[in-house]
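Notes to accompany the following structure.
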């Protein structure tokens with residue numbers, strides 16, 4: 001991927017830099033999130049102490065929920081109002097559907113979706129059998145292809161988004177706890193390198209927005225810390241679900257760079273690194289964002 005291109009891109013980067021330099025700062029909204037569900041209220045940790053490797057960067061890490069307006073935050077307080085729950089229901093239909101060539105369903109092996117509780121909180125992770133870094137999409141596709149005999153689902157396809165929404169919901173309220181040591185360490189380091197590398201004509205890195213300018217207002221948007229504990233999320237701008245891999249493509253493309261592909265080894269490593277920056281926050285299951 002090209003890091004940057006000079007000429008017009010440099011001028012655009014300068015203009016954006018000036019905009020950021022003059023941007024107004026707004027503290028994250030001081031609020032607490034308790035979600036009303038059919039099973040009762042679920043308290044969500046949306047701010048906490050940073051992981052050790054970020055201790056010199058942030059005093060507190062915040063879920064992106066704190067950087068949204070009142071109406072958007074309120075949509076997440078009750079499952080009845082949360083538009084993402086439609087996609088959870090679609091995922092449940094797929095879970096129980098006899099999709100396999102021999103009539104297998106997800107439930108045939110895993111029983112109810114609650115068997116997935118805790119998975120979202122530790123993803124991505126290095127698979128103990130293959131030694132490869134796996135995102136949740138990889139595990140879903142392993143079942144789809146190897147156990148059901150179907151064609152692989154696209155990483156950002158509707159089928160995948162529906163299933164990820166259902167699976168993620170089972171870990172709602174659990175603390176994000178991805179491993180970054182041992183076999184995960186080289187992948188984590190690669191993801192960190194991507195996070196701090198400037199890309200595109202705008203010569204911007206992930207850190208430029210979500211670390212250097214977190215809390216600033218630009219183009220009526222309140223820049224967050226870029227946490228992904230709420231993904232997959234219902235994005236009001238897109239009127240649909242967005243996964244972390246999907247969002248990475250959009251972010252890099254916004255720098256006017258030729259982006260890595262969703263589900264690529266590079267974006268898997270980036271997802272591991274970004275997820276680790278939110279260790280200690282709660283999985284929000286399916287959140288709502290602008």
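For all residues, glycine too, the Cβ spot is worked out from N, Cα and C.
Listed in Swiss-Prot:
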ACT_SITE  251  active site, cysteine persulfide intermediate
BINDING   78, 81  Zn(2+) 1 binding site
BINDING   106, 109, 110, 143  heme c 1 binding site
BINDING   190, 266  Zn(2+) 2 binding site
BINDING   206, 209, 210, 251  heme c 2 binding site
BINDING   247  substrate binding site
DOMAIN    78-171  domain 'Cytochrome c'
SIGNAL    1-26  signal peptide
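Recorded features from Swiss-Prot, shown on the structure.
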| residue | record | CB count, 10 Å |
| --- | --- | --- |
| 78 | Zn(2+) 1 binding site | 14 |
| 81 | Zn(2+) 1 binding site | 12 |
| 106 | heme c 1 binding site | 27 |
| 110 | heme c 1 binding site | 14 |
| 143 | heme c 1 binding site | 17 |
| 190 | Zn(2+) 2 binding site | 18 |
| 206 | heme c 2 binding site | 24 |
| 247 | substrate binding site | 21 |
| 251 | active site, cysteine persulfide intermediate | 18 |
| 266 | Zn(2+) 2 binding site | 18 |
*Using C-alpha atoms only, work out the spacing between residue 78 (Zn(2+) 1 binding site) and residue 190 (Zn(2+) 2 binding site) and round it to an integer in Å.*
38
*Please list residues from the chain of residue 109 (heme c 1 binding site) whose Cβ is under 8 angstroms from its Cβ, counting only those at least six apart in sequence.*
143, 147
*Just how many other Cβ atoms lie inside 10 Å of the Cβ on residue 210 (heme c 2 binding site)?*
19
*Around the heme c 2 site (206, 209, 210, 251), what further same-chain residues have their C-beta within 8 angstroms of the site's C-beta centre?*
204, 205, 207, 208, 211, 226
*With DSSP as the reference, give the number of residues of the domain 'Cytochrome c' (78-171) in helix, strand and coil.*
48 helix, 5 strand, 41 coil
*To the nearest whole angstrom, what is the C-alpha distance linking residue 106 (heme c 1 binding site) and the residue listed as 'substrate binding site'?*
27
*recorded positions 81, 110, 190, 247, 251: which have a Cα within 10 Å of residue 206 (heme c 2 binding site)?*
251
